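Colleague: What TrEMBL shows for this protein is this:
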- His36: active site, proton donor (ACT_SITE)
- 29-36, 149-152, Leu178, 186-189: ATP binding site (BINDING)
- Gln155: (R)-pantoate binding site (BINDING)
Amino acid sequence: MRIIDNLSEMTETARGWLAGGSVGFVPIMSTLHDGHSTLIRAALEECEIIVVSILECSLKKFDENSCFRSDFLRDLKNDLRRLSHTDVDVVFVPRQEDLYAPGFATYVTPIGPIAERLEARRRPDSVRRFATAITKLLQIIRPDVAYFGQKDAQQVAIVKQLVRDLNIDVSLRVLPTLRESSGLAISGRNSWLSAQERKEAALIYQALLAARDLIEHGERRASVIKKMIMELIASSPHVDLEYVAVCHPQTFIERQEAEPDTLLAIAVRVGGICLIDNILWMSDGQWRI
């Protein structure tokens with residue numbers, strides 16, 4: 001496994017792949033966890049060269065109460081140790097002074113509903129930061145396939161939009177959310193929860209599944225579906241609802257009625273930590289849960 005922290009070296013290395021095999025790319029923007037490992041295994045099965053990026057970000061850019069707090073807390077040494085036991089070819093850990101050199105002033109700023117709702121409504125600048133970072137990484141590494149998890153549905157939608165709008169030549173693979181035995185979506189944030197809080201957080205997935213069952217039994221009104229989710233979340237005094245949405249999975253525009261191709265998304269706070277999750281009613285009528 002080769003570790004690269006120099007932008008020029010990474011660019012040169014990527015140029016050398018143009019005549020080689022297919023390149024799979026897994027971007028990591030939080031502490032490495034089993035969800036990332038699932039993406040890496042998929043990349044190893046489907047591509048010949050595997051690149052993982054670990055983006056180092058300053059916590060000073062994020063307030064303490066941000067949902068993104070733990071996304072930028074990492075133990076880089078531990079991450080690299082775990083990755084060394086895989087068949088990853090390159091780990092790219094760009095230095096901030098290279099990625100955002102003095103005088104850097106060009107950002108990728110998505111507009112429209114996707115940049116105004118859910119997580120974007122809470123912290124609008126986070127959309128610009130994410131879109132700029134992922135665009136730079138895709139241009140530097142130039143992968144054939146990039147891998148993402150469904151849990152971060154809004155980030156996935158942003159990547160799809162920028163790849164389409166900026167004509168970036170990459171295929172996107174979105175894998176189902178990996179879950180703990182309780183149903184809690186695996187996330188770097190989970191490590192901030194106590195054992196009791198982790199148990200309480202299982203209510204998130206239970207509420208989403210209850211919403212799915214309600215839809216399967218014929219209820220389509222978004223107001224009724226959201227009310228049921230809110231009541232379930234309110235049944236726990238330790239889980240505070242941030243938002244719940246019944247929306248289009250790409251634009252995040254709220255639907256009045258659920259129909260195939262609908263995302264059920266939720267964010268809650270447990271012990272002060274914000275956790276997000278979603279399930280997708282796909283256009284073929286199947287569920288991605």
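Heads up, residue numbers simply count up from 1 along the chain you see.
Any Cβ shown, glycine's included, is placed from N, Cα and C.
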Colleague: Round to the nearest Å and give the CA-to-CA distance linking Leu178 (ATP binding site) with Gln155 ((R)-pantoate binding site).
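Modeller: Approximately 16 Å lies between the Cα of Leu178 (ATP binding site) and that of Gln155 ((R)-pantoate binding site).
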Colleague: Can you tell which of Met29, Leu178 has the least company, meaning the fewest other C-beta atoms within 10 angstroms of its C-beta, among these binding-site residues?
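Modeller: It is Leu178 that, of the binding-site residues Met29, Leu178, has the fewest other Cβ atoms within 10 Å.
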Colleague: For Gly35 (ATP binding site), what residues in its own chain, 6 or more apart in sequence, show a Cβ-Cβ distance under 8 Å?
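Modeller: Residues satisfying the criterion: Gly149, Lys151, Thr177, Leu178, Ala185, Ile186, Ser187.
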Colleague: What is the interatomic distance between the Cα atoms of Gly188 (ATP binding site) and His36 (active site, proton donor), given in whole Å?
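Modeller: It is 10 Å, counting Cα to Cα.
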Colleague: Count the other Cβ atoms sitting within 10 Å of the Cβ of the residue listed as '(R)-pantoate binding site', across every protein chain shown.
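Modeller: If we count other Cβ atoms within 10 Å of the residue listed as '(R)-pantoate binding site', we arrive at 19.
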Colleague: Measuring Cα to Cα, how many Å separate Met29 (ATP binding site) from the residue listed as 'active site, proton donor'?
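Modeller: If we compare the Cα positions of Met29 (ATP binding site) and the residue listed as 'active site, proton donor', the gap is 10 Å.
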